[in-house]
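Contents: one structure, followed by commentary.
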Amino acid sequence: MPEELKYSRKTSKILCCNLTRYLILILTLTCLTLLQMNSLTFNFTVICMSDIVDDYHRIQPNGTHWFEDSNMKSLVFSSMAIGGLLGLLIAMPLMHKVGVRLVLSICGFFSVVGTILFPLAVEFNFISVLAVRFLQGLGISMVFTVLGSVPIAWAPNNESSTFLAILSCAFQMSNVICMPIAGFLCESSLGWRSIYYLFGVVTTICFLIFYFFYTDSPKDHRNVSNKELNLILQDKTSTHKEPVPYLAICKDPCVLVTWLSNVGGNLGFLTLVLYGPTYLREVLHFEVQGTGFASALPFLLSAAVKSIAGQLSDRCDFVSERVRFTICGIVSRLGLAIGYIGMATTSSTLVAQIAFTFSIAVSGLNIMGTVKCLQLRCKQHVHFAVSAIALMAYVIQFGAPILVGIVCPDNTPEQWGWLFMIIGVIVFITSAPFPWFTTAVPADYTLPREKQMEIEKQKELEECC
């Protein structure tokens with residue numbers, strides 16, 4: 001750390017035993033988890049909201065409530081994806097200018113409003129339901145980007161994989177926490193509406209703490225000691241804000257192959273996230289509360305697998321970075337494809353549940369493969385590369401309900417079998433190029449502009465000779 005920086009920083013008397021970065025990690029994980037939980041509530045409460053139909057028919061006996069129309073319910077699922085997609089397009093360039101703290105706090109505000117107002121919107125009309133789901137989509141729009149950016153700013157190089165693994169556990173922990181709580185409250189006297197109020201209040205509290213405690217750089221945090229700052233910045237090249245080389249990144253074969261791998265991976269993972277409770281309830285015939293726990297178990301296992309993989313990735317320095325993220329990518333994708341094909345080809349409830357659990361458990365390693373690859377390849381521009389993954393995820397979230405509505409209109413085991421077979425094949429095909437075309441070597445566009453110009457001139461001279 002430069003001496004002038006050491007003496008110009010103002011630090012607090014409370015230095016958190018040189019562990020402030022872990023408080024940032026826990027706080028960020030909590031906020032990302034809550035954003036995901038808020039977006040997941042409808043995925044579960046859809047199986048215990050029949051009271052709104054009963055209330056409607058007391059007033060209009062011959063009418064049809066939107067909840068009885070599978071196409072309209074699909075729109076409710078998809079409206080969140082539209083919010084995430086549009087929010088990402090706006091928030092990504094904004095985050096490059098103003099940082100994670102402000103943008104993620106705004107996302108938290110939208111998520112809170114959408115969650116707390118959902119029960120009221122259900123009583124009002126269908127358009128209101130779409131509107132609050134859209135707000136929840138805005139809330140999760142930056143989750144992928146944040147989990148790729150925070151480790152770069154706050155993690156020492158030898159802890160970056162651990163930070164990434166833990167932050168990405170938000171996808172799993174949101175299910176682990178949301179599903180059992182939702183299952184319990186759905187069958188309690190408090191009812192399904194209490195889920196939205198509870199999550200909304202907790203999200204408000206946590207994001208207020210986040211706004212006042214988080215900083216975009218450890219250099220600006222008063223609770224980070226000079227010793228801890230030196231540890232975080234050790235062996236890191238200083239980067240300045242530069243225009244993002246969008247075209248160069250989009251033409252990079254390594255990035256393109258990684259994006260392609262995520263198309264299949266996200267389709268497989270998000271289908272289980274969106275329709276896991278429906279599959280367990282309608283096809284495997286679990287009770288409501290049992291569905292909550294059965295939905296949560298695979299995500300708990302996934303978080304555990306991912307956390308162990310993150311520790312191993314940081315400590316196995318005798319193996320190259322490329323080998324580490326390639327192994328994670330292969331295990332994640334191959335396991336997901338095998339799980340889907342297993343669900344598609346079995347008539348046994350037990351085997352189907354094991355395949356369901358296995359698919360989700362191994363899919364958690366995806367982040368340790370693809371996002372880690374992008375971190376190493378794109379360096380300071382990783383926020384754009386990861387945002388593109390999020391963009392594709394929201395497109396998939398929008399299209400998945402349409403695909404499910406077409407292939408599984410009656411929720412029969414045969415229809416779900418065909419859907420799972422289609423998705424399993426897509427996952428396998430899109431993931432096949434990943435081990436062969438990726439690299440851990442930083443791209444030329446991550447270098448300072450002057451260095452890039454030198455390389456270009458050298459290439460021109462070599463071509464002339």
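Cβ coordinates come from backbone N, Cα and C, glycine included.
Marked as transmembrane segment by TrEMBL: 12-35 (among others).
Residues annotated as domain 'Major facilitator superfamily (MFS) profile' in TrEMBL: 22-442.
Annotated transmembrane segment per TrEMBL: 75-95 (among others), in sequence order. Tertiary proximity for the transmembrane segment (75-95) is limited to same-chain residues at least six positions away from its ends with a CB under 8 Å from its CB atoms, namely 39, 42-43, 103, 106-107, 110, 129-131, 133-142, 145, 149, 274, 383-384, 387, 390-391, 393-402.
Residues 31, 34-35, 38-39, 41-42, 49, 52, 87, 91, 94-95, 128-129, 131-142, 146, 193, 196-197, 199-201, 203-204, 206-207, 210-211 of the same chain, all 6+ positions outside the transmembrane segment (102-122), place their C-beta atoms under 8 angstroms from a C-beta of that stretch. Annotated transmembrane segment per TrEMBL: 102-122 (among others), in sequence order.
Annotation comment: TrEMBL describes 134-155 (among others) as transmembrane segment. For the transmembrane segment (134-155), same-chain residues at least 6 beyond its ends with a Cβ under 8 Å from one of its own Cβ atoms are 21, 24-25, 28, 32, 35-36, 38-39, 79-88, 91-92, 95, 100, 103-104, 107-108, 110-115, 117-118, 162-164, 167-168, 170, 216-218, 232, 367, 371, 374-375, 379-380, 382-383, 385-387, 389-390, 393-394.
Marked as transmembrane segment by TrEMBL: 162-183 (among others). Counting same-chain residues at least six beyond the ends of the transmembrane segment (162-183), those with a Cβ under 8 angstroms from any Cβ of the stretch are 25, 28-29, 32-37, 40-41, 44-45, 143, 146-148, 150-151, 154-155, 192, 195, 198-199, 269, 273, 276-277, 288-293, 295-296, 298-300, 302-303, 306-307, 309-311, 313-314, 364, 367-368, 371-372, 375.
Feature annotation from TrEMBL assigns transmembrane segment to 195-214 (among others). Residues 23-24, 27-28, 30-31, 34-35, 37-38, 41, 45, 100-101, 104-105, 108-109, 111-112, 115-116, 118-119, 178, 181-182, 185-186 of the same chain, all 6+ positions outside the transmembrane segment (195-214), place their C-beta atoms under 8 angstroms from a C-beta of that stretch.
According to TrEMBL, the transmembrane segment annotation covers 325-344 (among others).
Listed by sequence, the residues of this chain that lie at least six past the ends of the transmembrane segment (350-371) yet keep a Cβ under 8 A from its Cβ atoms are 144, 147-148, 161, 164-165, 168-169, 171-172, 258, 261-262, 265, 268-269, 272, 276, 279-280, 283-284, 294, 297-299, 301-303, 305-306, 309-310, 313, 324-333, 335-336, 338-340, 342-343, 386, 389, 434. The annotation transmembrane segment is assigned in TrEMBL to 350-371 (among others).
Residues or ranges marked as transmembrane segment by TrEMBL: 383-406 (among others).
Taken from TrEMBL, the feature transmembrane segment applies to 418-443 (among others). Sequence-distant neighbours of the transmembrane segment (418-443) (same chain, 6+ residues past either end, Cβ-Cβ under 8 Å): 248-249, 252-254, 257-258, 260-261, 263-265, 267-268, 271, 320-322, 325-326, 329-330, 333-334, 336-341, 343-345, 369-370, 373, 376-379, 403-404, 407-408.
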* To do: Mind looking up the mean pLDDT for the domain 'Major facilitator superfamily (MFS) profile' (22-442) in the predicted model?
  => 85
